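Under the heading anthranilate 1 binding site, Swiss-Prot lists 82, 113. The 5-phospho-alpha-D-ribose 1-diphosphate binding site annotation in Swiss-Prot covers 82, 85-86, 90, 92-95, 110-118, 122 and rests on sequence analysis. Marked as Mg(2+) 1 binding site by Swiss-Prot on the basis of sequence analysis: 94, 228. The anthranilate 2 binding site feature in Swiss-Prot is assigned to 168; the stated evidence is sequence analysis. Sequence annotations record features per position, and here Swiss-Prot assigns Mg(2+) 2 binding site to 227, 228.
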């Protein structure tokens, strides 16, 4: 038993928080294969029962970043990866928004995986749309540079995550690893729109982003529990702008968007979700388009491309209506 896991389990058994340095060391021990399955399970369960702190989340992310593959990216790159876990069954809103954001001129390094909740993850829907999940780091760099968007498949860039796959599966509960995807972008995207599935995660993830040196980001959760900027009502959000953390509320009707029901936003299989995304990019109007505009507009505000969400929505609408968003998809398909 390493010193770090012994000390960590001792503290967690007393429901005490782990110091950042100790957390970083114990994750390194985990990644180097020095922990037993029982120790890994105890660590993850102990953190979950106690409640993870922003410092613990950031330390996990720092250790995993060090173990993952990286790519070079333009300075203004953004990611729309969220935590998932809202179990709402909606279509792939943030993935669809990624094409719109890229069409508006902000490079998007979309980090994602196969489904973790619901029926369709970002990798599943992009595969249906004809985008290769096997792009090398070199080709992803080229896509970002010349097309303005790439998909970074978590399984390719973070193979170390496989070391805890069995323990996570056997525990059968959400753990700190369910929070880490948005913090592990291989392109080091300095701008983010990060959806979370619970209001309690808002301040935690915002603080973790700040610790990790995020340049500017919006963390959001819909009052309906959606891990997106929702269209069914208000969204609680936090803007992280360097050293500043500022809570605010997003109300769709203030931007001329009609409220809808969750049923209006339902997705289905990867094939069905792919068709929804394609129809939106081809110009179909309605609530599905509107929630994509709202999320893309918020992301453009987070990336400093727009002075506010209203201007961001206008830029997003222009990206769709001009065909630029659809063109991003077509170029990525052609490069597969």
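Please read every residue number as a count from 1 along the shown chain.
Yeah, the Cβs are placed from backbone N, Cα and C, and that goes for glycine too.
Note on proximity: of the binding-site residues 82, 94, 113, 114, 168, the one nearest residue 227 (Mg(2+) 2 binding site) is 82, by Cα distance. For the binding-site residues 111, 114, the ranking by surrounding Cβ atoms (within 10 Å, all protein chains) places 111 first. Local packing around the Cβ, expressed as the count of other Cβ atoms within 10 angstroms, is greatest for 228 among the binding-site residues 227, 228. Its own atom aside, the Cβ of residue 94 (5-phospho-alpha-D-ribose 1-diphosphate binding site) has 25 Cβ atoms within 10 angstroms in the protein chains shown. There are 18 other CB atoms within 10 A of the CB of residue 168 (anthranilate 2 binding site), with all protein chains counted. Here the candidates are the binding-site residues 90, 94, 168, 228. The one whose C-alpha lies nearest to that of residue 113 (anthranilate 1 binding site) is 94. A simple way to gauge crowding: the CB of residue 90 (5-phospho-alpha-D-ribose 1-diphosphate binding site) has 23 other CB atoms within 10 angstroms, across all the protein chains here. The Cβ of residue 82 (anthranilate 1 binding site) lies under 8 Å from the Cβ of 94, 181, 182, 194, 195, 196, 227, 228, each of these being in the same chain and 6 or more residues away along the sequence. Within 10 Å of the C-beta atom of residue 113 (anthranilate 1 binding site) sit 19 other C-beta atoms, taking all shown protein chains into account.
Of all the binding-site residues in the list 90, 111, 114, the shortest Cα-Cα distance to the residue listed as 'anthranilate 2 binding site' is found for 114.
Residue 82 (anthranilate 1 binding site) falls within neither a helix nor a strand when secondary structure is assigned with DSSP, and so counts as coil. In the three-state DSSP scheme, the residue listed as 'anthranilate 2 binding site' falls into the helix class. In the three-state DSSP assignment, the secondary structure recorded for residue 228 (Mg(2+) 1 binding site) is coil. DSSP classifies residue 111 (5-phospho-alpha-D-ribose 1-diphosphate binding site) as strand under the three-state reduction.
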